[in-house]
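Here the structure is laid out as structure tokens; the discussion comes afterwards.
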Amino acid sequence: MRGRHVDQTSTYKRGTSREHVSAYDRDESPGRFLNGKDFGNPSWKRSFPHMLVATISSFLFGYHLGVVNETLESISMDLGFSGSTLAEGLVVSTCLGAAFVGSLFSGWITDGVGRRRAFQLCALPMVIGASLSATTRDLWGMLLGRLLVGIGMGIGPPVTALYVAEISPASVRGTFGSSTQIATCLGLMAALFIGLPSKEIVGWWRVCFWVSAIPGAMLAFFMEFCAESPHWLFKRGRSAEAEIEFERLLGGAHVKSAMSELTKSDRGDESDTVKFSELLYGRNFKVVFIGSALFALQQLSGINAVFYFSSTVFKSFGVPSDLANICVGIANLLGSVMAMILMDKLGRKVLLLWSFSGMVVSMGLQAIAASSFATGSGALYLSVGGMLLFVLTFALGAGPVPGLLLSEILPGRIRAKAMAVCMAVHWVINFFVGLFFLPLLEHIGAQVLYTIFGTFCFIAVIFVRKNVVETKGKTLQEIEVALIPSE
């Protein structure tokens, strides 16, 4: 029962938006005051269920990232490619390559059909792909399933970041944004625990893929009852519907102020077409560059290399890989919970600075552990402690903040498409770090490689200090007006 005026949708043309803009511009009194009463910040309880449904996408993202970690060996044996490192690599990399393609098109999909439908289009290939992987009898069926899942994984993160930012009250937007990182951690840990019996039970890996189809179907179903982004509706010239959704998300007392804020930056009568060149130069270049650089530095910090290599490090000291993965998962989840608590108290910039600084120290500890200065138990404590500290500090800021910050600083007109470009940068750097990590480790050694990663973390500290602005407690429109120069 979404309360949408379907029969009137065709009447909400650009002219209607102009009329609403004029109406709100003429009345400059803040909408949070009604009959002289200050209603304060909107309640988080109204938008919370909508945010919760959106985070299912993040859970799926984490689950599919981790589902082959414990099951790859049994998959290769059952499907007849055991011992082929090329085939095993394809099972992993096909998903990542498809995610890059999905992320490239996510912006156009999100702007074209809306945030809710984009979630459903994200869930569809993930459900079909997981089902194909669960039922396949050969390698090609597995690769096709992973390809479809990867496309959904590429669409999901930017859509989730946009939707959560656009439906959340400014006072809790950081907390809500951080919840997506927690959902990703829970997905990774769910894949780990569900996959544990795969080495003992023949064919259990098929159950692991079937399980992922359940949250995918839930995402598609429950999103049908969630609010559409008022920002997207207003940009499409459907102001009356935007008001209805604001009332669902914020409460009737805050509709007026929300619409007034929306008209400050988005006039509701702009062209729907955003040229790719607009993202690369002109008034939008700075924010797109900041977003792309943050995602690049996030990946160049070595986080995925640490995830990939953690089991090997723990094994070298006699720690079972299952226990290693559990320890890394707990550190990741703990850091994400801390980020959610602190995001709207300390702010995005502070958490980024703390996070990257802690990662510099962590990489330093691991570099020392890999040197001749540390031996025996000292090397064990430095290496394992440094690795867990690195994951913890990453989850505190460098993990959740870039996606949240981008959805805040990117102007509404280009937000979805610019987010797609920045996420594509993320996937490209992710791919090359994964491709070159092991060869570099073999040729230059762990000490030099950890030093390189630590250097990138230090560069990130300098970059954040000089270029990132604080967005805590500000509406998306206030941020846009402050950051983007007038034409």
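Cβ coordinates come from backbone N, Cα and C, glycine included.
TrEMBL has this to say about the protein:
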COMPBIAS  16-29  compositional bias 'Basic and acidic residues'
DOMAIN    50-472  domain 'Major facilitator superfamily (MFS) profile'
REGION    1-29  region 'Disordered'
TRANSMEM  47-66  transmembrane segment
TRANSMEM  86-106  transmembrane segment
TRANSMEM  143-164  transmembrane segment
TRANSMEM  176-197  transmembrane segment
TRANSMEM  203-226  transmembrane segment
TRANSMEM  287-311  transmembrane segment
TRANSMEM  350-374  transmembrane segment
TRANSMEM  380-406  transmembrane segment
TRANSMEM  418-438  transmembrane segment
TRANSMEM  444-464  transmembrane segment
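Long-range contacts of the transmembrane segment (380-406) within the same chain: residues 157-158, 161, 165, 173-174, 177-178, 180-181, 185, 291, 294-295, 297-298, 301, 303, 306-307, 310, 313-314, 317, 319, 327-328, 331-336, 338-340, 342-343, 348, 351-359, 361-366, 368-370, 374, 418-419, 422, 460, 468, 471, each at least 6 residues beyond the stretch ends and with a Cβ under 8 Å from a Cβ of the stretch. Here the transmembrane segment (47-66) has long-range neighbours at 95, 119, 122-123, 126, 130, 149, 152-153, 156-157, 159-160, 163-164, 167-169, 176, 179-192, 195, 212, 215-216, 218-219, 222-223, 226-227, 249-250, meaning same-chain residues at least 6 beyond its ends whose C-beta is under 8 angstroms from one of its own. Residues 64, 68, 72, 75-76, 118, 139, 142-143, 146-159, 416, 419-420, 423-424, 426-428, 430-431, 434 of the same chain, all 6+ positions outside the transmembrane segment (86-106), place their C-beta atoms under 8 angstroms from a C-beta of that stretch.
Of the two recorded stretches, the transmembrane segment (444-464) does not lie close to the transmembrane segment (203-226), with fewer than three CB pairs under 8 Å once pairs fewer than 6 apart in sequence are set aside. The stretch with the most CB contacts under 8 Å to the transmembrane segment (143-164), chosen from 203-226, 350-374, 418-438, is 418-438.
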